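Feature list (source: TrEMBL):
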BINDING   GLY113, ILE133, GLY134, ASP135, TYR136, VAL137, LEU138  S-adenosyl-L-methionine binding site
DOMAIN    1-225  domain 'tRNA methyltransferase TRMD/TRM10-type'
Amino acid sequence: MRIDIVSLFPEFVAQCAAFGVVGRAGERGLLALHGWNPRDYAEGNYRRVDDRPFGGGPGMVMLIEPLRAAIRAARAADPTPARVVYLSPQGARLDQAKVRELAGHERLILLCGRYEGVDERLIQAEVDEEVSIGDYVLSGGELAAAVVVDAVARLQEGALNDAESAVQDSFEDGLLDCPHYTRPVEHELGAVPAVLMSGNHALIAKWRRQQSLGRTWQRRPDLLDEAALSKADRQLLAAYRAELAAQAAAGVAETVSRLDPAVAAAGETGRDPGASA
Ligand SMILES: C[S@@+](CC[C@H](N)C(=O)[O-])C[C@H]1O[C@@H](n2cnc3c(N)ncnc32)[C@H](O)[C@@H]1O
């Protein structure tokens, strides 16, 4: 996959992509990153890339021409058609489904804005879609572009040492990932769940599925509304919830007996602890 970054700071994105899985994807020839600086296409002694907004108001707006020339240079650098994505807080919110879709393109051109943003006419003419990395405003599109590069690079075939790990990640099947453990088995912070040490792959898969379902229910119930749960999933989730409720009840009973043994004893015998003998 080839990704071209149109930015006043293209080396910023390249730096972010130099490490770990994404860096390795580059070394393995699975990802080629190219930077295009609109300032190199700006005219005049000052190589201006921005100007004041018409209608007044604060800040500056990125000029059409340097950006258009940079995008065109990026397009022309490779005959493969490219999808042009403008990183913008006004775009569709990035999620794993969108990442998968973007990762499926042979070429992307990521346009990074600065200042108040980009002249709207440039967006209308050159941009295929706008993508946001969340409902907050960054000072520039470079961090957002780095997020896109990272997320799509790790999905390139051969980028991860074990392709299975991407399939098991959060959001891939609409659920959050299960918890993970490694050595040591026993630690002062707790023990590894026994099922993971059982060697029984079917049981482990079932436990992981249940943890995924349970965590999603606890942390992101909105995802569960969208997920297509099987009957077995529903049973696993019901068991998870029952177990949690039992643990909570046991916790309450334990606290009561610690704070007031008389009340706890009465609870067990059904007697009123305030009543005289
Ligand atoms: C200060 S922002 C401009 C915000 C713009 N005035 C608005 O309110 O929509 C400058 C640049 O940062 C990038 N940016 C800011 N927040 C972003 C986000 N949540 N997702 C993606 N890009 C973002 C965009 O490229 C944008 O052009």
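Counting begins at 1 with the first residue displayed.
Each residue, glycine too, has its Cβ placed from N, Cα and C.
Just so you know, TrEMBL annotations never went through curation; they're auto-generated.
Just so it is clear, the model here is predicted, and its values are computed rather than measured.
Positions of the features from TrEMBL, shown on the structure.
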residue	record	contacts (Cβ under 8 Å, 6+ apart)
GLY113	S-adenosyl-L-methionine binding site	MET62, TYR86, LEU87, SER88, GLY140, GLY141
ILE133	S-adenosyl-L-methionine binding site	LEU87, ARG93, LEU94, LEU143, ALA144, VAL147, VAL148
GLY134	S-adenosyl-L-methionine binding site	ARG93, LEU94
ASP135	S-adenosyl-L-methionine binding site	PRO89, ARG93
TYR136	S-adenosyl-L-methionine binding site	PRO89
VAL137	S-adenosyl-L-methionine binding site	PRO89
LEU138	S-adenosyl-L-methionine binding site	PRO89, ALA144
Should we count any of the binding-site residues GLY113, ILE133, GLY134, ASP135, VAL137, LEU138 as near ligand 1, judged by a CB under 6 A from one of its atoms, and which? GLY113, ILE133, GLY134, VAL137, LEU138
Site extent for S-adenosyl-L-methionine, whole Å (max Cα pair distance, GLY113, ILE133, GLY134, ASP135, TYR136, VAL137, LEU138): 16
